[in-house]
Amino acid sequence: MNPAGLIDHTLLKPDAQPAQIKQLCTEACEYRFWSVCVNSCWLPLCRRLLEGTEVRVGTVVGFPLGAALREAKAAEAALAVKLGADELDMVVNIGWLKAGEDRLVLADIRAVVDAAPGRVVKVILETCLLTSEEKERAARLAVEAGAQFVKTSTGFSSGGATPEDVKLLRRTVGPEFGVKAAGGISDLATLEAMVRAGANRIGTSSGVAIVKAAKVER
């Protein structure tokens, strides 16, 4: 397996600085990762550094809590598109989901999808905070709202991706919809387990080490 094309090369730390973002983009080009994923303040820099390459630029919306106003998420998404984002990873409103407010959750996701026409929208569920029923319901709402992916985790809560959650999400959304595993994927074996479970995108800050390990195995 060559995992590079599955990886969103990620740096979402609040203390990230320009030199680290530049290194992230350099690595993404060198190792041919699918994309970089950064906080939106870094979009102009990434767009400039990755101009003319095949590496996509991704960002986050309503991150990491998902509890912002729907209008704020939509505005954040629209601005991210204006700044050149190709992909947007938005956090679902977890409180509404757990309260059974499906209509509000659907509208929240749809507002971001509508604000980002032609872009890939991934809906972060924060699976470590949800029951199996809530994970399934959230995944169905993401499909209904017109998103392209469900994503397990922000990487900033009490747990990350598990093969069991990836299997559940893949079973719920079917074979054509995207499933992104993220949170705690720091080595090749874990990535491979997520792919076997049904993930077709991986979010990780350990992409360089993972790709190097894959080359050694080959």
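Note that Cβ sites are derived from N, Cα and C of the backbone, with glycine treated the same way.
Classification of Asp89 (active site, proton donor/acceptor) by DSSP places it within a strand. Taking the Cβ of Asp89 (active site, proton donor/acceptor) as reference, residues of its chain lying under 8 Å away and at least six apart in sequence are, in sequence order, Cys37, Gly58, Thr59, Val60, Val61, Phe63, Lys122, Ile124, Lys151, Lys180, Gly203. Annotation source TrEMBL lists active site, proton donor/acceptor at Asp89 (among others).
Under the DSSP three-state reduction, Lys151 (active site, schiff-base intermediate with acetaldehyde) is assigned to strand. What TrEMBL records for Lys151 is active site, schiff-base intermediate with acetaldehyde.
Summarising the annotation, TrEMBL assigns active site, proton donor/acceptor to Lys180 (among others). Using a 10 Å radius centred on the Cβ of Lys180 (active site, proton donor/acceptor) and all shown protein chains, the other Cβ atoms total 27.
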